[in-house]
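Contents: one structure, followed by commentary.
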Amino acid sequence: MHIKLANPRGFCAGVDRAIEIVNRALEVFGPPIYVRHEVVHNKFVVEDLRARGAVFVEELDQVPDDVIVIFSAHGVSKAVRDEAARRGLKVFDATCPLVTKVHMEVVRYSREGRECILIGHEGHPEVEGTMGQYDASNGGAIYLVEDEADVAELQVRNPDNLAFVTQTTLSMDDTSKVIDALRSKFPAIGGPRKDDICYATQNRQDAVKQLASECDVLLVVGSPNSSNSNRLRELAERMGTPAYLIDGAEDLKHEWFEGVKGIGITAGASAPEVLVRGVVEQLRAWGAAGETELDGRPENITFSMPKELRVKAL
């Protein structure tokens, strides 16, 4: 068996920044540091931060007064921000700047009085945060669609004053079909100046397409609640390559590799490289020989830290 590694894989700039915000807050202010929702969707990362003093909660009513709160990389609604401000909580915002970009688009559409359609997965925290940016007090509305069937059933108030945005971690192929359906049904619909699906999601999906065409089985290192990790698994399966979403080496099963010559490995944007190395080591122990990494698109993007948490230059 030969191992091929996707490139790029694993942490993106938004995840790096979110984790570093929690780490720096713990260093500067000491525990406990409260984090609304898992800062990123990865069990290993969350457990590591919890061991260092981060306290993960789902709602602000679980947060005592006079503590530091961090908003997760997925973003929050205006109502959550307003509640934190009302209570005077000290907040550090780890929302990915590319999610914030989508939030600003929704706010702009709301101010313009345009109805808005969000393409995304119901119940995902990013979707909840984005939906919560829209102010319907001016008579507008925001709608959520997941697929072409939802578009077929959707009724809006004014199809001539309409715009769409998307969740940042969707399948590019699936989303393009939904956008085509929206444009067909609502010819006047507007959209973002630039694709809302983030660069890291696009790059990792492109890498999986290449990897799935060259391997007999694909492993995606990522947690079950990670949207972008699930999309990677689905993409490989759609190409006819058996694919498995795993938290780490402990999830591997011998029977997946019977008669297999090429094993592809990638990792979702929330999964650290240490988990990938653990998978590689386990496969080597089971007889895998050789390891290559695909040529990939370089990722040089970084996002700035909140001023109060920046490391001072020596």
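Glycine residues also receive a Cβ, built from the backbone N, Cα and C atoms like all the rest.
According to Swiss-Prot, the feature active site, proton donor maps to E126, an assignment based on sequence analysis. The [4Fe-4S] cluster binding site annotation in Swiss-Prot covers C12, C96, C198, and the record cites sequence analysis as its basis. Swiss-Prot lists H41, H74, H124, S226, S227, N228, S270 with the feature isopentenyl diphosphate binding site. What Swiss-Prot lists as (2E)-4-hydroxy-3-methylbut-2-enyl diphosphate binding site is H41, H74, H124, T168, S226, S227, N228, S270. Positions annotated as dimethylallyl diphosphate binding site by Swiss-Prot: H41, H74, H124, S226, S227, N228, S270.
On the structure: features taken from Swiss-Prot.
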residue	record	DSSP (3 states)
H74	isopentenyl diphosphate binding site	coil
C96	[4Fe-4S] cluster binding site	coil
H124	isopentenyl diphosphate binding site	coil
T168	(2E)-4-hydroxy-3-methylbut-2-enyl diphosphate binding site	coil
C198	[4Fe-4S] cluster binding site	coil
S226	isopentenyl diphosphate binding site	coil
S270	isopentenyl diphosphate binding site	coil
Beyond the site residues H41, H74, H124, S226, S227, N228, S270: chain residues whose C-beta lies within 8 Å of the centroid, for dimethylallyl diphosphate: V40, E126, T169, N225, S229, G268, A269
Alpha-carbon distance [E126 (active site, proton donor); S270 (isopentenyl diphosphate binding site)] in Å: 14
DSSP three-state assignment for C12 ([4Fe-4S] cluster binding site): coil
C-beta crowding around S270 (isopentenyl diphosphate binding site), within 10 angstroms: 31
CB-centroid shell, 8 A cutoff, [4Fe-4S] cluster site C12, C96, C198, site residues removed: A13, G14, V15, A73, P97, L98, V99, T168, T169, Y199, A200, T201, A269
Around the Cβ of S226 (isopentenyl diphosphate binding site), the count of other Cβ atoms that are within 10 Å: 26
Protein Cβ atoms within 10 Å of H41 (isopentenyl diphosphate binding site), excluding its own: 29
In sequence order, the binding-site residues (H41, H74, H124, S226) whose C-alpha falls within 10 A of C96 ([4Fe-4S] cluster binding site): H74
C12, E126, T168 filtered to the recorded positions whose C-alpha is within 10 Å of N228 (isopentenyl diphosphate binding site): T168
H74 (isopentenyl diphosphate binding site): nearby recorded positions from C12, E126, C198, Cα cut-off 10 Å: E126
Number of Cβ atoms other than its own within 10 Å, given for H124 (isopentenyl diphosphate binding site): 17
Binding-site residues near C198 ([4Fe-4S] cluster binding site), in sequence order, restricted to H124, T168, S226 and a 10 Å Cα cut-off: T168
